[in-house]
Amino acid sequence: MKPVFSVDQIRRAENTLFELQADPDELMISAASAVADVALAMVDGPAPAVSSEESILLLVGPGGNGGDALYAGAFLAEEGHHVDALLLGNGKVHQSALAYYESLGGQIISDFPPHYLYRLVIDGLFGIGGRGGLTPELASLVESFSASGIPILAIDVPSGVHADSGELPPGVMVTVEGFDNDAPMARQKIPAHIDADVTITFGGLRRAHAVSPACGEVLCADINIAGGGGKSLSAELSQVQAEDATPQMFASKAYQRKDSLFERANLKATAPHIHRIGQHFTVLNMEPGPDHDKYSGGIVGIVAGSGTYPGAAVLSVKAAVRATSAMVRYVGPALNFVIQSLPEVVATQSLATAGRVQAWVHGPGRGLEAEQSAELAELLSRPEPVLIDADSLSLLQLSAELRQALRERKAPTVLTPHKGEFERIAAELRSEGVEIPQADKDPIGAAQALAKEFDCCVLLKGKYTVIAAHDFVHAINAGHSWLATPGSGDVLSGLVGAHLAQSYAELNRLPEFFPDVTLSDSAIYTQIAPAATIHAVAAGLAARTEFGFAPTSASLIADAIPAATAKVDLKRIV
(Lines of atoms letter the chains of each structure in order from A and count residues from 1; the text may use other names and numbers.)
(Lines give C-alpha, C1' and ligand atoms only; values in the text may rest on other atoms or scores of the structure.)
Protein backbone atom coordinates (compact mmCIF):
# COMPACT_ATOMS: atom_id res chain seq x y z
CA MET A 1 0.00 0.00 0.00
CA LYS A 2 1.40 3.38 -1.01
CA PRO A 3 0.33 6.98 -0.33
CA VAL A 4 -1.11 8.98 -3.22
CA PHE A 5 -0.57 12.70 -3.81
CA SER A 6 -1.87 15.44 -6.09
CA VAL A 7 0.31 17.23 -8.64
CA ASP A 8 0.19 20.36 -6.48
CA GLN A 9 1.51 18.43 -3.49
CA ILE A 10 4.27 16.87 -5.60
CA ARG A 11 5.33 20.28 -6.92
CA ARG A 12 5.48 21.85 -3.48
CA ALA A 13 7.52 18.99 -2.02
CA GLU A 14 9.91 19.06 -4.99
CA ASN A 15 10.35 22.82 -4.73
CA THR A 16 11.50 22.48 -1.12
CA LEU A 17 14.19 20.02 -2.19
CA PHE A 18 15.17 22.09 -5.23
CA GLU A 19 16.03 24.98 -2.92
CA LEU A 20 18.38 22.75 -0.90
CA GLN A 21 20.20 21.08 -3.79
CA ALA A 22 23.98 21.30 -3.87
CA ASP A 23 23.80 20.86 -7.66
CA PRO A 24 20.92 22.09 -9.88
CA ASP A 25 20.31 18.54 -11.16
CA GLU A 26 20.89 16.60 -7.94
CA LEU A 27 17.28 15.47 -7.52
CA MET A 28 16.95 14.72 -11.23
CA ILE A 29 20.06 12.53 -11.17
CA SER A 30 18.69 10.63 -8.17
CA ALA A 31 15.47 9.96 -10.10
CA ALA A 32 17.36 8.99 -13.25
CA SER A 33 19.38 6.44 -11.32
CA ALA A 34 16.15 4.66 -10.34
CA VAL A 35 14.92 4.82 -13.95
CA ALA A 36 18.15 3.19 -15.12
CA ASP A 37 17.86 0.43 -12.50
CA VAL A 38 14.38 -0.49 -13.70
CA ALA A 39 15.45 -0.28 -17.35
CA LEU A 40 18.32 -2.68 -16.68
CA ALA A 41 15.90 -5.13 -15.07
CA MET A 42 13.59 -4.88 -18.08
CA VAL A 43 16.28 -5.47 -20.70
CA ASP A 44 17.50 -8.48 -18.73
CA GLY A 45 14.14 -10.17 -19.30
CA PRO A 46 13.00 -12.13 -22.37
CA ALA A 47 13.49 -10.21 -25.61
CA PRO A 48 10.50 -9.35 -27.85
CA ALA A 49 10.29 -11.66 -30.86
CA VAL A 50 10.42 -8.76 -33.34
CA SER A 51 13.41 -7.01 -31.80
CA SER A 52 16.61 -7.61 -33.76
CA GLU A 53 18.77 -5.31 -31.64
CA GLU A 54 19.56 -4.64 -27.98
CA SER A 55 19.27 -0.86 -28.31
CA ILE A 56 17.25 1.41 -26.03
CA LEU A 57 15.24 4.38 -27.33
CA LEU A 58 14.57 7.53 -25.31
CA LEU A 59 11.55 9.69 -26.16
CA VAL A 60 12.74 13.03 -24.80
CA GLY A 61 10.50 15.99 -24.03
CA PRO A 62 11.55 19.58 -23.28
CA GLY A 63 11.26 19.58 -19.49
CA GLY A 64 12.40 17.75 -16.41
CA ASN A 65 10.91 14.47 -17.58
CA GLY A 66 13.15 14.63 -20.63
CA GLY A 67 16.10 15.42 -18.37
CA ASP A 68 15.35 12.33 -16.29
CA ALA A 69 15.36 10.25 -19.48
CA LEU A 70 18.67 11.69 -20.71
CA TYR A 71 20.48 11.14 -17.42
CA ALA A 72 19.06 7.60 -17.25
CA GLY A 73 20.20 7.05 -20.83
CA ALA A 74 23.68 8.19 -19.87
CA PHE A 75 23.81 5.65 -17.04
CA LEU A 76 22.62 2.92 -19.43
CA ALA A 77 25.23 3.88 -22.02
CA GLU A 78 27.85 3.73 -19.29
CA GLU A 79 26.71 0.14 -18.63
CA GLY A 80 27.48 -0.71 -22.25
CA HIS A 81 24.04 -0.40 -23.86
CA HIS A 82 23.48 1.38 -27.16
CA VAL A 83 21.08 4.23 -26.45
CA ASP A 84 19.34 6.52 -28.96
CA ALA A 85 17.51 9.71 -27.99
CA LEU A 86 14.70 11.15 -30.10
CA LEU A 87 14.41 14.82 -29.10
CA LEU A 88 10.76 15.88 -29.30
CA GLY A 89 10.74 19.23 -27.52
CA ASN A 90 10.59 21.48 -30.60
CA GLY A 91 14.15 22.64 -30.05
CA LYS A 92 13.89 22.70 -26.25
CA VAL A 93 15.83 20.19 -24.17
CA HIS A 94 17.42 19.98 -20.74
CA GLN A 95 20.90 21.10 -21.80
CA SER A 96 23.03 19.81 -18.93
CA ALA A 97 21.38 16.38 -19.10
CA LEU A 98 21.92 16.30 -22.88
CA ALA A 99 25.59 17.19 -22.51
CA TYR A 100 26.13 14.46 -19.92
CA TYR A 101 24.26 11.95 -22.08
CA GLU A 102 26.42 12.67 -25.11
CA SER A 103 29.61 12.63 -23.05
CA LEU A 104 28.96 8.99 -22.15
CA GLY A 105 28.28 7.89 -25.71
CA GLY A 106 24.53 8.39 -25.99
CA GLN A 107 23.37 8.99 -29.57
CA ILE A 108 20.91 11.56 -30.95
CA ILE A 109 18.59 10.62 -33.82
CA SER A 110 16.39 12.99 -35.80
CA ASP A 111 14.06 10.68 -37.72
CA PHE A 112 11.40 8.33 -36.38
CA PRO A 113 13.12 4.92 -36.31
CA PRO A 114 11.72 1.48 -37.18
CA HIS A 115 10.40 -0.26 -34.11
CA TYR A 116 12.38 -3.47 -34.54
CA LEU A 117 15.68 -1.75 -33.70
CA TYR A 118 14.86 -1.47 -30.00
CA ARG A 119 14.69 -3.69 -26.97
CA LEU A 120 13.12 -1.05 -24.72
CA VAL A 121 11.53 2.40 -25.05
CA ILE A 122 11.74 4.97 -22.24
CA ASP A 123 8.99 7.60 -22.19
CA GLY A 124 10.39 10.94 -21.01
CA LEU A 125 8.00 13.22 -22.89
CA PHE A 126 5.41 15.00 -20.75
CA GLY A 127 5.71 14.16 -17.04
CA ILE A 128 3.13 15.23 -14.46
CA GLY A 129 2.76 18.70 -15.94
CA GLY A 130 1.89 17.53 -19.43
CA ARG A 131 -1.45 18.26 -21.03
CA GLY A 132 -3.04 16.94 -24.19
CA GLY A 133 -2.15 13.94 -26.28
CA LEU A 134 0.44 12.71 -28.73
CA THR A 135 0.53 13.96 -32.31
CA PRO A 136 -0.74 11.46 -34.90
CA GLU A 137 2.82 10.84 -36.10
CA LEU A 138 4.16 10.18 -32.61
CA ALA A 139 1.10 8.13 -31.70
CA SER A 140 1.77 5.93 -34.75
CA LEU A 141 5.37 5.38 -33.65
CA VAL A 142 4.32 4.47 -30.11
CA GLU A 143 1.60 2.16 -31.44
CA SER A 144 4.19 0.33 -33.55
CA PHE A 145 6.17 -0.43 -30.39
CA SER A 146 3.12 -1.53 -28.39
CA ALA A 147 1.74 -3.70 -31.20
CA SER A 148 5.10 -5.44 -31.53
CA GLY A 149 5.43 -6.22 -27.83
CA ILE A 150 8.40 -3.93 -27.27
CA PRO A 151 8.14 -2.82 -23.63
CA ILE A 152 7.72 0.83 -22.68
CA LEU A 153 8.99 2.28 -19.41
CA ALA A 154 7.28 5.56 -18.47
CA ILE A 155 8.91 8.09 -16.19
CA ASP A 156 6.54 9.46 -13.53
CA VAL A 157 3.30 9.22 -15.58
CA PRO A 158 2.80 7.87 -19.13
CA SER A 159 2.62 10.74 -21.60
CA GLY A 160 -0.93 11.79 -22.38
CA VAL A 161 -2.34 10.51 -19.07
CA HIS A 162 -3.64 13.27 -16.80
CA ALA A 163 -1.62 12.93 -13.61
CA ASP A 164 -4.38 14.11 -11.26
CA SER A 165 -7.34 12.21 -12.70
CA GLY A 166 -6.07 9.46 -14.99
CA GLU A 167 -8.15 10.91 -17.84
CA LEU A 168 -6.98 9.97 -21.32
CA PRO A 169 -6.98 12.25 -24.38
CA PRO A 170 -9.20 11.39 -27.36
CA GLY A 171 -7.67 8.94 -29.81
CA VAL A 172 -6.30 10.14 -33.15
CA MET A 173 -7.02 8.97 -36.69
CA VAL A 174 -4.00 7.76 -38.65
CA THR A 175 -3.30 6.08 -41.96
CA VAL A 176 -1.66 2.74 -41.32
CA GLU A 177 1.33 1.68 -43.39
CA GLY A 178 0.90 -1.48 -45.43
CA PHE A 179 -2.65 -0.74 -46.58
CA ASP A 180 -3.83 0.89 -49.79
CA ASN A 181 -5.23 4.33 -49.02
CA ASP A 182 -8.74 3.24 -50.01
CA ALA A 183 -8.62 -0.04 -48.05
CA PRO A 184 -11.33 -0.38 -45.35
CA MET A 185 -8.75 -0.60 -42.54
CA ALA A 186 -6.29 1.96 -43.89
CA ARG A 187 -7.54 4.62 -41.47
CA GLN A 188 -7.61 3.61 -37.84
CA LYS A 189 -8.18 5.32 -34.52
CA ILE A 190 -5.29 4.72 -32.14
CA PRO A 191 -4.50 5.97 -28.61
CA ALA A 192 -3.06 9.47 -28.25
CA HIS A 193 -1.39 8.44 -25.00
CA ILE A 194 1.30 5.96 -24.06
CA ASP A 195 0.26 2.61 -22.60
CA ALA A 196 3.26 1.79 -20.46
CA ASP A 197 4.28 -1.69 -19.43
CA VAL A 198 5.98 -0.22 -16.38
CA THR A 199 5.88 3.23 -14.78
CA ILE A 200 8.56 4.34 -12.34
CA THR A 201 7.64 7.21 -10.05
CA PHE A 202 9.26 8.93 -7.09
CA GLY A 203 8.51 9.65 -3.43
CA GLY A 204 4.88 8.56 -3.60
CA LEU A 205 2.17 7.80 -6.12
CA ARG A 206 0.32 10.27 -8.32
CA ARG A 207 -3.46 9.92 -8.50
CA ALA A 208 -3.27 8.53 -12.04
CA HIS A 209 -1.24 5.58 -10.77
CA ALA A 210 -4.16 4.59 -8.57
CA VAL A 211 -6.78 4.45 -11.32
CA SER A 212 -5.25 4.26 -14.82
CA PRO A 213 -4.40 0.96 -16.54
CA ALA A 214 -2.19 2.98 -18.91
CA CYS A 215 0.42 3.08 -16.14
CA GLY A 216 0.99 -0.68 -16.30
CA GLU A 217 3.00 -2.04 -13.38
CA VAL A 218 3.78 0.90 -11.09
CA LEU A 219 7.05 1.02 -9.17
CA CYS A 220 8.06 3.70 -6.68
CA ALA A 221 11.53 4.82 -5.64
CA ASP A 222 12.33 7.40 -3.02
CA ILE A 223 14.78 10.09 -4.10
CA ASN A 224 16.81 12.43 -1.97
CA ILE A 225 19.45 15.12 -1.82
CA ALA A 226 22.56 15.42 0.34
CA GLY A 227 21.62 18.87 1.62
CA GLY A 228 19.24 19.55 4.49
CA GLY A 229 20.34 16.43 6.32
CA GLY A 230 19.66 14.11 3.41
CA LYS A 231 16.02 15.04 2.92
CA SER A 232 13.90 12.70 0.82
CA LEU A 233 10.93 13.41 -1.42
CA SER A 234 8.72 10.99 0.51
CA ALA A 235 9.40 12.83 3.78
CA GLU A 236 8.60 16.19 2.18
CA LEU A 237 5.39 14.79 0.71
CA SER A 238 4.28 13.57 4.12
CA GLN A 239 4.94 17.03 5.52
CA VAL A 240 2.97 18.71 2.74
CA GLN A 241 0.02 16.39 3.25
CA ALA A 242 0.04 17.04 7.00
CA GLU A 243 0.02 20.79 6.37
CA ASP A 244 -2.87 20.51 3.92
CA ALA A 245 -5.05 18.44 6.29
CA THR A 246 -6.65 16.88 3.20
CA PRO A 247 -8.09 13.36 3.06
CA GLN A 248 -5.36 10.75 3.00
CA MET A 249 -5.14 8.75 -0.22
CA PHE A 250 -3.71 5.29 -0.67
CA ALA A 251 -3.36 2.82 -3.50
CA SER A 252 -2.84 -0.92 -3.32
CA LYS A 253 -2.75 -3.91 -5.62
CA ALA A 254 -4.79 -6.96 -4.70
CA TYR A 255 -3.55 -9.83 -6.84
CA GLN A 256 0.16 -10.07 -7.59
CA ARG A 257 0.87 -12.25 -10.60
CA LYS A 258 4.06 -14.28 -10.65
CA ASP A 259 4.94 -13.09 -14.15
CA SER A 260 5.28 -9.44 -13.10
CA LEU A 261 8.51 -7.54 -13.71
CA PHE A 262 9.13 -7.41 -9.99
CA GLU A 263 9.05 -11.20 -9.68
CA ARG A 264 10.60 -12.00 -13.07
CA ALA A 265 13.65 -9.75 -12.82
CA ASN A 266 14.14 -10.11 -9.06
CA LEU A 267 14.13 -6.33 -8.85
CA LYS A 268 13.76 -6.48 -5.08
CA ALA A 269 17.20 -8.06 -4.80
CA THR A 270 18.97 -5.91 -7.39
CA ALA A 271 17.34 -2.58 -6.48
CA PRO A 272 15.93 -2.76 -2.93
CA HIS A 273 15.15 0.97 -2.93
CA ILE A 274 12.47 0.43 -5.60
CA HIS A 275 9.10 -0.83 -4.41
CA ARG A 276 5.92 -2.04 -6.06
CA ILE A 277 2.40 -1.40 -4.82
CA GLY A 278 1.36 -4.13 -2.38
CA GLN A 279 -1.44 -4.86 0.10
CA HIS A 280 -0.28 -4.45 3.72
CA PHE A 281 -3.45 -3.68 5.68
CA THR A 282 -3.99 -3.46 9.40
CA VAL A 283 -7.46 -4.89 9.68
CA LEU A 284 -9.73 -7.10 11.69
CA ASN A 285 -8.91 -10.79 11.71
CA MET A 286 -11.79 -12.94 10.47
CA GLU A 287 -11.01 -15.73 12.95
CA PRO A 288 -13.49 -15.69 15.86
CA GLY A 289 -12.08 -14.70 19.22
CA PRO A 290 -12.10 -17.14 22.14
CA ASP A 291 -15.17 -15.43 23.60
CA HIS A 292 -17.12 -15.20 20.33
CA ASP A 293 -20.25 -17.09 19.39
CA LYS A 294 -22.48 -17.08 16.33
CA TYR A 295 -24.03 -13.79 17.41
CA SER A 296 -21.10 -11.77 18.78
CA GLY A 297 -18.95 -12.09 15.66
CA GLY A 298 -21.17 -9.71 13.70
CA ILE A 299 -24.42 -10.76 12.04
CA VAL A 300 -25.02 -9.55 8.49
CA GLY A 301 -28.55 -9.34 7.14
CA ILE A 302 -28.95 -9.55 3.38
CA VAL A 303 -32.11 -8.27 1.72
CA ALA A 304 -31.81 -9.44 -1.87
CA GLY A 305 -33.34 -11.46 -4.66
CA SER A 306 -36.78 -11.66 -6.21
CA GLY A 307 -38.90 -14.04 -8.23
CA THR A 308 -37.07 -12.81 -11.31
CA TYR A 309 -33.56 -12.82 -9.83
CA PRO A 310 -33.26 -15.42 -7.06
CA GLY A 311 -29.65 -16.09 -8.03
CA ALA A 312 -28.57 -12.64 -6.86
CA ALA A 313 -29.70 -13.54 -3.36
CA VAL A 314 -27.88 -16.88 -3.43
CA LEU A 315 -24.63 -15.28 -4.60
CA SER A 316 -24.68 -12.45 -2.09
CA VAL A 317 -25.57 -14.72 0.83
CA LYS A 318 -23.04 -17.33 -0.26
CA ALA A 319 -20.28 -14.71 -0.24
CA ALA A 320 -21.25 -13.61 3.26
CA VAL A 321 -21.26 -17.20 4.53
CA ARG A 322 -17.82 -17.79 3.02
CA ALA A 323 -16.52 -14.55 4.56
CA THR A 324 -17.60 -14.90 8.19
CA SER A 325 -18.05 -17.50 10.90
CA ALA A 326 -20.89 -15.51 12.43
CA MET A 327 -24.56 -15.88 11.60
CA VAL A 328 -25.86 -14.74 8.22
CA ARG A 329 -29.52 -13.78 7.95
CA TYR A 330 -31.48 -13.59 4.71
CA VAL A 331 -34.61 -11.53 4.09
CA GLY A 332 -36.58 -11.90 0.87
CA PRO A 333 -38.73 -14.09 -1.35
CA ALA A 334 -35.88 -16.34 -2.51
CA LEU A 335 -35.49 -18.02 0.88
CA ASN A 336 -36.14 -21.52 -0.50
CA PHE A 337 -33.34 -21.11 -3.04
CA VAL A 338 -31.04 -19.70 -0.37
CA ILE A 339 -31.71 -22.40 2.23
CA GLN A 340 -31.38 -25.17 -0.33
CA SER A 341 -27.95 -23.87 -1.31
CA LEU A 342 -26.86 -22.72 2.17
CA PRO A 343 -28.70 -24.52 4.98
CA GLU A 344 -26.70 -22.67 7.66
CA VAL A 345 -28.46 -19.40 6.80
CA VAL A 346 -31.36 -18.13 8.92
CA ALA A 347 -34.01 -16.92 6.45
CA THR A 348 -37.25 -15.00 6.63
CA GLN A 349 -39.44 -13.00 4.27
CA SER A 350 -39.78 -9.79 6.28
CA LEU A 351 -37.57 -7.23 7.99
CA ALA A 352 -39.97 -7.34 10.93
CA THR A 353 -39.03 -10.96 11.68
CA ALA A 354 -35.33 -10.76 10.79
CA GLY A 355 -33.96 -10.59 14.33
CA ARG A 356 -30.74 -9.00 15.52
CA VAL A 357 -28.36 -7.74 12.80
CA GLN A 358 -25.12 -5.72 12.95
CA ALA A 359 -25.03 -4.65 9.27
CA TRP A 360 -27.43 -4.76 6.33
CA VAL A 361 -27.04 -5.33 2.61
CA HIS A 362 -29.92 -4.17 0.41
CA GLY A 363 -30.40 -4.39 -3.32
CA PRO A 364 -28.94 -7.30 -5.30
CA GLY A 365 -31.72 -8.50 -7.61
CA ARG A 366 -34.30 -7.06 -5.21
CA GLY A 367 -36.52 -5.06 -7.59
CA LEU A 368 -37.77 -1.50 -7.97
CA GLU A 369 -41.32 -1.59 -6.62
CA ALA A 370 -42.88 0.29 -3.72
CA GLU A 371 -42.19 -2.64 -1.38
CA GLN A 372 -38.46 -2.46 -1.99
CA SER A 373 -38.47 1.32 -1.67
CA ALA A 374 -40.18 1.00 1.72
CA GLU A 375 -37.59 -1.58 2.80
CA LEU A 376 -34.75 0.75 1.94
CA ALA A 377 -36.42 3.67 3.73
CA GLU A 378 -36.81 1.47 6.81
CA LEU A 379 -33.15 0.43 6.78
CA LEU A 380 -32.00 4.03 6.34
CA SER A 381 -33.82 4.88 9.57
CA ARG A 382 -31.94 2.23 11.57
CA PRO A 383 -28.61 2.67 13.39
CA GLU A 384 -26.77 -0.30 11.87
CA PRO A 385 -24.46 0.10 8.86
CA VAL A 386 -26.24 -0.32 5.52
CA LEU A 387 -24.67 -1.30 2.19
CA ILE A 388 -26.72 -0.15 -0.82
CA ASP A 389 -26.14 -2.02 -4.08
CA ALA A 390 -27.67 -2.80 -7.47
CA ASP A 391 -31.47 -2.21 -7.53
CA SER A 392 -31.30 -0.11 -4.38
CA LEU A 393 -28.95 2.29 -6.14
CA SER A 394 -31.60 2.61 -8.83
CA LEU A 395 -34.15 3.34 -6.12
CA LEU A 396 -31.94 6.20 -4.93
CA GLN A 397 -31.75 7.50 -8.47
CA LEU A 398 -35.54 7.37 -8.85
CA SER A 399 -36.52 8.83 -5.48
CA ALA A 400 -35.67 12.31 -4.22
CA GLU A 401 -37.18 11.27 -0.87
CA LEU A 402 -34.74 8.39 -0.47
CA ARG A 403 -31.83 10.62 -1.44
CA GLN A 404 -32.87 13.11 1.23
CA ALA A 405 -33.24 10.32 3.78
CA LEU A 406 -29.70 9.26 2.97
CA ARG A 407 -28.42 12.82 3.43
CA GLU A 408 -30.10 13.00 6.85
CA ARG A 409 -28.93 9.57 7.99
CA LYS A 410 -26.40 9.56 10.85
CA ALA A 411 -25.25 5.92 10.69
CA PRO A 412 -22.59 4.34 8.44
CA THR A 413 -23.69 3.84 4.84
CA VAL A 414 -21.85 2.32 1.89
CA LEU A 415 -22.83 2.77 -1.76
CA THR A 416 -21.32 0.25 -4.21
CA PRO A 417 -22.09 1.43 -7.76
CA HIS A 418 -20.38 0.46 -10.97
CA LYS A 419 -19.76 3.40 -13.29
CA GLY A 420 -23.13 3.12 -15.03
CA GLU A 421 -25.06 3.13 -11.76
CA PHE A 422 -22.88 5.96 -10.50
CA GLU A 423 -23.59 8.11 -13.54
CA ARG A 424 -27.35 7.61 -13.26
CA ILE A 425 -27.33 8.85 -9.66
CA ALA A 426 -24.88 11.63 -10.54
CA ALA A 427 -27.13 12.80 -13.37
CA GLU A 428 -29.97 13.35 -10.89
CA LEU A 429 -27.67 15.24 -8.55
CA ARG A 430 -26.29 17.38 -11.36
CA SER A 431 -29.86 18.33 -12.28
CA GLU A 432 -30.19 19.59 -8.69
CA GLY A 433 -27.06 21.73 -9.06
CA VAL A 434 -24.58 19.39 -7.36
CA GLU A 435 -21.14 19.23 -9.02
CA ILE A 436 -20.11 15.62 -9.59
CA PRO A 437 -17.18 14.76 -11.92
CA GLN A 438 -17.70 12.03 -14.50
CA ALA A 439 -16.67 8.66 -13.15
CA ASP A 440 -14.90 7.60 -16.34
CA LYS A 441 -12.80 10.79 -16.44
CA ASP A 442 -11.99 11.35 -12.77
CA PRO A 443 -12.97 8.33 -10.67
CA ILE A 444 -11.31 9.59 -7.49
CA GLY A 445 -12.91 13.03 -7.72
CA ALA A 446 -16.26 11.49 -8.64
CA ALA A 447 -16.30 9.07 -5.71
CA GLN A 448 -15.22 11.82 -3.31
CA ALA A 449 -17.98 14.14 -4.51
CA LEU A 450 -20.72 11.53 -4.08
CA ALA A 451 -19.40 10.54 -0.65
CA LYS A 452 -19.43 14.19 0.40
CA GLU A 453 -22.95 14.78 -0.91
CA PHE A 454 -24.43 11.90 1.10
CA ASP A 455 -21.89 11.87 3.98
CA CYS A 456 -21.27 8.20 3.31
CA CYS A 457 -18.66 5.84 1.88
CA VAL A 458 -18.64 5.17 -1.86
CA LEU A 459 -17.10 2.06 -3.38
CA LEU A 460 -16.87 2.74 -7.12
CA LYS A 461 -16.44 -0.69 -8.70
CA GLY A 462 -14.09 -1.62 -11.52
CA LYS A 463 -10.73 -3.21 -12.17
CA TYR A 464 -9.49 -0.13 -10.34
CA THR A 465 -11.91 0.19 -7.42
CA VAL A 466 -12.08 3.54 -5.62
CA ILE A 467 -13.26 3.68 -2.01
CA ALA A 468 -13.93 7.21 -0.76
CA ALA A 469 -15.15 8.62 2.55
CA HIS A 470 -14.90 12.10 4.03
CA ASP A 471 -11.37 11.61 5.38
CA PHE A 472 -9.71 9.02 3.14
CA VAL A 473 -9.54 7.55 -0.35
CA HIS A 474 -8.27 4.06 -1.15
CA ALA A 475 -7.87 2.83 -4.72
CA ILE A 476 -7.37 -0.89 -5.34
CA ASN A 477 -6.00 -2.35 -8.54
CA ALA A 478 -7.48 -5.84 -8.77
CA GLY A 479 -4.40 -7.01 -10.67
CA HIS A 480 -6.54 -8.73 -13.31
CA SER A 481 -9.91 -8.38 -15.08
CA TRP A 482 -11.59 -11.67 -14.08
CA LEU A 483 -14.18 -9.80 -11.98
CA ALA A 484 -15.95 -8.77 -15.20
CA THR A 485 -18.50 -11.58 -14.96
CA PRO A 486 -22.24 -11.57 -14.09
CA GLY A 487 -22.94 -11.74 -10.37
CA SER A 488 -19.50 -10.69 -9.15
CA GLY A 489 -21.04 -7.50 -7.77
CA ASP A 490 -23.56 -9.55 -5.78
CA VAL A 491 -20.64 -11.50 -4.33
CA LEU A 492 -18.89 -8.26 -3.40
CA SER A 493 -21.95 -6.92 -1.59
CA GLY A 494 -22.25 -10.00 0.61
CA LEU A 495 -18.52 -10.07 1.30
CA VAL A 496 -18.32 -6.39 2.25
CA GLY A 497 -21.51 -6.71 4.27
CA ALA A 498 -19.98 -9.50 6.34
CA HIS A 499 -16.90 -7.38 7.03
CA LEU A 500 -19.05 -4.40 7.98
CA ALA A 501 -20.99 -6.54 10.45
CA GLN A 502 -17.86 -7.90 12.07
CA SER A 503 -16.26 -4.47 12.16
CA TYR A 504 -19.37 -2.91 13.72
CA ALA A 505 -19.56 -5.65 16.35
CA GLU A 506 -15.85 -5.55 17.18
CA LEU A 507 -15.53 -1.79 17.28
CA ASN A 508 -18.52 -1.50 19.57
CA ARG A 509 -16.57 -3.63 22.04
CA LEU A 510 -13.76 -1.07 22.21
CA PRO A 511 -15.38 1.08 24.94
CA GLU A 512 -15.00 -1.93 27.27
CA PHE A 513 -11.24 -1.49 27.00
CA PHE A 514 -10.98 2.20 26.05
CA PRO A 515 -13.87 4.04 27.69
CA ASP A 516 -12.75 7.45 26.43
CA VAL A 517 -12.61 6.43 22.76
CA THR A 518 -15.27 7.90 20.48
CA LEU A 519 -16.00 5.75 17.44
CA SER A 520 -16.40 7.31 14.01
CA ASP A 521 -17.84 5.96 10.80
CA SER A 522 -14.34 5.94 9.31
CA ALA A 523 -13.25 3.25 11.75
CA ILE A 524 -15.80 0.99 10.09
CA TYR A 525 -15.19 2.24 6.55
CA THR A 526 -11.48 1.41 6.70
CA GLN A 527 -12.40 -2.28 6.77
CA ILE A 528 -13.99 -2.07 3.31
CA ALA A 529 -10.66 -2.03 1.46
CA PRO A 530 -9.57 -5.43 2.83
CA ALA A 531 -12.93 -6.89 1.80
CA ALA A 532 -12.58 -5.50 -1.72
CA THR A 533 -9.05 -6.89 -1.83
CA ILE A 534 -10.25 -10.34 -0.81
CA HIS A 535 -12.88 -10.12 -3.57
CA ALA A 536 -10.22 -9.41 -6.19
CA VAL A 537 -7.89 -12.10 -4.89
CA ALA A 538 -10.76 -14.61 -4.86
CA ALA A 539 -11.45 -13.86 -8.52
CA GLY A 540 -7.78 -14.37 -9.36
CA LEU A 541 -7.76 -17.69 -7.52
CA ALA A 542 -11.02 -18.76 -9.15
CA ALA A 543 -9.64 -18.02 -12.62
CA ARG A 544 -6.35 -19.81 -12.04
CA THR A 545 -5.87 -23.33 -13.38
CA GLU A 546 -2.84 -25.61 -13.53
CA PHE A 547 -2.32 -24.43 -17.13
CA GLY A 548 -2.84 -20.72 -16.57
CA PHE A 549 -5.82 -18.40 -16.24
CA ALA A 550 -9.26 -19.09 -17.71
CA PRO A 551 -12.77 -17.60 -17.47
CA THR A 552 -14.46 -17.97 -14.11
CA SER A 553 -17.90 -17.30 -12.60
CA ALA A 554 -19.42 -15.51 -9.63
CA SER A 555 -20.16 -18.82 -7.89
CA LEU A 556 -16.53 -19.87 -8.15
CA ILE A 557 -15.41 -16.45 -6.90
CA ALA A 558 -17.62 -16.85 -3.83
CA ASP A 559 -16.22 -20.34 -3.22
CA ALA A 560 -12.68 -18.93 -3.33
CA ILE A 561 -13.30 -16.35 -0.58
CA PRO A 562 -11.90 -18.51 2.27
CA ALA A 563 -8.66 -19.15 0.37
CA ALA A 564 -8.43 -15.47 -0.57
CA THR A 565 -9.02 -14.43 3.04
CA ALA A 566 -6.14 -16.64 4.13
CA LYS A 567 -3.93 -15.26 1.35
CA VAL A 568 -4.49 -11.60 2.21
CA ASP A 569 -2.35 -10.32 5.06
CA LEU A 570 -4.67 -9.65 8.01
CA LYS A 571 -3.88 -8.52 11.55
CA ARG A 572 -6.16 -8.39 14.54
CA ILE A 573 -6.56 -4.89 16.00
CA VAL A 574 -8.89 -5.85 18.84
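A Cβ is built for glycine as well, from the same backbone N, Cα and C atoms used for every other residue.
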Query raised in the report: N65, D123 bind K(+) according to Swiss-Prot; which of S6, S159, S165 goes with them?
Result: S159
**Report entry** Winner by Cβ contact number (other Cβ atoms within 10 Å) across the binding-site residues D123, D156, D490
**Finding:** D490
Report summary line: Quick note, K463 (ADP binding site) and D123 (K(+) binding site): C-alpha atoms separated, nearest Å, by 25
Query - Long-range Cβ neighbours of the region 'NADPHX 2' (418-424) (under 8 Å; 6 or more residues past either end) - result: 390, 393-394, 397, 438-440, 443, 446, 450, 460-462, 489
Report summary line: D123 (K(+) binding site) falls, by DSSP collapsed to helix, strand or coil, into strand
Query raised in the report: Relative to the Cα of T485 (ADP binding site), which of the binding-site residues N65, S159, G365 have a Cα no more than 10 Å away?
Result: none
Query raised in the report: To the nearest whole angstrom, what is the C-alpha distance linking K461 (ADP binding site) and D123 (K(+) binding site)?
Result: 30
Query raised in the report: How many helix, strand and coil residues does the region 'NADPHX 1' (64-68) contain under DSSP?
Result: 5 helix, 0 strand, 0 coil
Query raised in the report: Near D123 (K(+) binding site), which of the binding-site residues D156, T465, S481, G487 can be found within 10 Å, Cα to Cα?
Result: D156
